[in-house]
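Everything on this sheet refers to the single structure shown next.
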Amino acid sequence: MNSLLDSLNEQQLLAVKTTDNPLRIIAGAGSGKTRVITTKIAYLINVKNIFPRKILAMTFTNKAAKEMKERIKKMLDNDNVNPFISTFHAFCARVLREECQAIGLDSKFLILDGNDQRSIIKKIIKEMKLNDDGSLNKFDRKALSKISFWKNELTEPDEALSNYENIEEKAFAKIYEKYQEHLLKHNSVDFDDLQILVYKIFRDHPDVLQKWRDRFDYVMVDEFQDTNEIQFDLIKFLTNGKNNLTVVGDPDQTIYSWRGAKIQIIMDFHKTYANAVTVVLNENYRSTKQILNLANDFIEHNKQREKKTIFTNNAGGEKAKLKEFASRYGEAKFVANEINRLVTEQNYRFGDVFILYRINAWSQEFEKTLDNAKIPYQLIGSIKFRERKVIKDSIALLKSVAIRDDLSLERALKLTPKVGGVTIEKIFNLASEKQLPLFDLIIDEENSIKQVTKNLDKLRNTFIHAKTMFEANESVVKILKYLIIESGYETIVKTLDDKDRNEWKNIEALFDQLENFEKSFNPELYGEENMTLAFLQEESLASNEDDETESNRVSLLTIHSAKGLENKVVFVVGLNRDIFPSKNSMLTISEFEEERRALYVALTRAKEVLYISYIKGEYSHLSSGTLIESKFVKELNSDLYSYESNLFVRHDGSVFGQNRTKLSQPLEEVVESKIKENDLVTHIMFGDGVVIKKLGKQLQIAFNDPKYGVMVIAANNPVLSKK
């Protein structure tokens, strides 16, 4: 243990050893917070003699929880040490399994994922005939967002119905009412319910709350800046009257207010815990001094923050590079060329590179350009492994037998040849007439489902045998393989066309995942003896952040997806007005500061090399006008980066431009152009055209090439000239 403590800096050691007061750790970017958390858990076990299962540590992703568990086992050189480390949602699911009788919920409740929720909402909208004309675009997503808001405000459906503000909100309230009725009828909960129902149990059942308070001697919370009111209430319930709490976070990285995170929770921690101690981790072990100085200076523009000065002893490295481009194509082409240069000349790997953007739509040009350049890449936040159709189909087959929910059974029925939508509707109606759960109707001894269709014999027999395997708690892999093969789904997948035949490899990867789960399965940790149910619970609680990334590919991802990650080379692209900050972030000072924090997060992902870029002069529907630099560009200290303006990519892929160490003039300064309306012009990238209209310091030009059409370009653009 001493060797672990000796490796910590002074502030880290203080954070580990402070155990007699509520502790708030303000952990700057790259300051080793995970190391501090895991070392503190090891310290509590080895020095304070706290039994491992009496320590609760909560974070926001399964990936982070898994990393903590592995580090602690390695630190203590003991694979049998199992502190209770989980996400908030997994912790609440565990509590709910044990205490659900307090609210009249069956312990085998189904946890709905986002797709399940949308399916239910769409059915309700269809039943209510709210979208017959298709005019209510994305109505299901808007309804779900509003329902989530109401739930987190503890607003019940009847309250929502009596307090709506407009016709749309009234419709949402009616959907909310029917949605909750569906959940109750089908013994289901959604992600919001997991936390809210546990909150209500703790609030209304003091005996249950005391039981869970007594279960833990120490509570730790990672990424505390991302907590919402309900999560903070749960923490207060568990730690009330004790000094057994450590929270770790950074107000400068609060970028999830749209999920309900409130920066004031971490800022006002001392108001709740009057005797709290604050320790600031201010030594950065990730980035070079050049990168860190730029990020530190930039975030100083925010007023609502905990003042701290982050430093590093890594004095090497180059200044960040700020680059201006005439088009999105030029930006993407430069990035591709630069990645190839870094890989071939400086021994970087493709996997050492992140391309970060504020909105997903910005990735399009990079995907195309990287494809053309034969640079391997992956889109983080695109279709995840668990979102692929064959995986969802396979999980639906497993859930059909283990949980027997209507959504999974309907999906399984759709996989059956010669069973279409009309037949499925008749099956549901028959189940309703006979007052039987759908699964029971399918496996009914009398085989009464033959009244509707004779095409379910194979699925029926498969379900009957798989049910026996499930109840005997046989291997999850064995059950799933049986379901996939005997139901005929294997044949369906393997007879797909060449493009999709690799989908079988996805199913094989799922088998690997299940085998790994079985090897590590511990009923005590899951609070569940049945291996299949335990796996399905873990799967339902998985988040997009938990998906592994492949090793040697450039990663394209949004800034929000990059939080908690790092890489040697980072390109922060699309730093344009109306893109970053987004159009929706110009309403309040608070929202604008959150956008600034998002850029701070992006800058501090870089370990060695940082590029920042924006477009100037190209028209884009994304900004509803000509792209110009973001206000944030002007907030970056020009002494702390090198600047290269007027970069344009020739058709041969080469780049030319003007190099400067910093901005020698304001970015908005424009030299008066002599080009007039009706002039014939030529552009190095877009070819010949005619000036239709002069718009102040910009020109509206109709190019001869229909691929470019009419564009708005800066009048002083050096690659534009009169013919």
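Backbone N, Cα and C define each Cβ position, glycine as well.
The model shown is predicted, which means the values in this text are computed figures rather than measured ones.
Per TrEMBL, the feature domain 'UvrD-like helicase ATP-binding' maps to 6-288. As a whole-number mean, the pLDDT of the domain 'UvrD-like helicase ATP-binding' (6-288) in this prediction is 92.
Residues or ranges marked as ATP binding site in TrEMBL: Ala27, Gly28, Ala29, Gly30, Ser31, Gly32, Lys33, Thr34. Over all protein chains present, the Cβ of Ala27 (ATP binding site) has 29 other Cβ atoms lying within 10 Å.
Sequence annotations record features per position, and here TrEMBL assigns domain 'UvrD-like helicase C-terminal' to 289-564.
Taking Cβ-Cβ distances under 8 Å and a sequence separation of 6 or more, the neighbours of Lys33 (ATP binding site) in its chain are Ile25, Ala27, Asp222, Val248, Leu281. Secondary structure at Ala27 (ATP binding site), as computed by DSSP, is strand. Neighbour density at the Cβ, taken as the number of other Cβ atoms within 10 Å, is lowest among the binding-site residues Gly28, Gly30 for Gly30.
The binding-site residues considered are Ser31, Thr34; of these, Thr34 has the fewest other C-beta atoms within 10 angstroms of its C-beta. Just so you know, the Cβ of Gly32 (ATP binding site) picks up 21 other Cβ atoms within 10 Å once every protein chain is counted.
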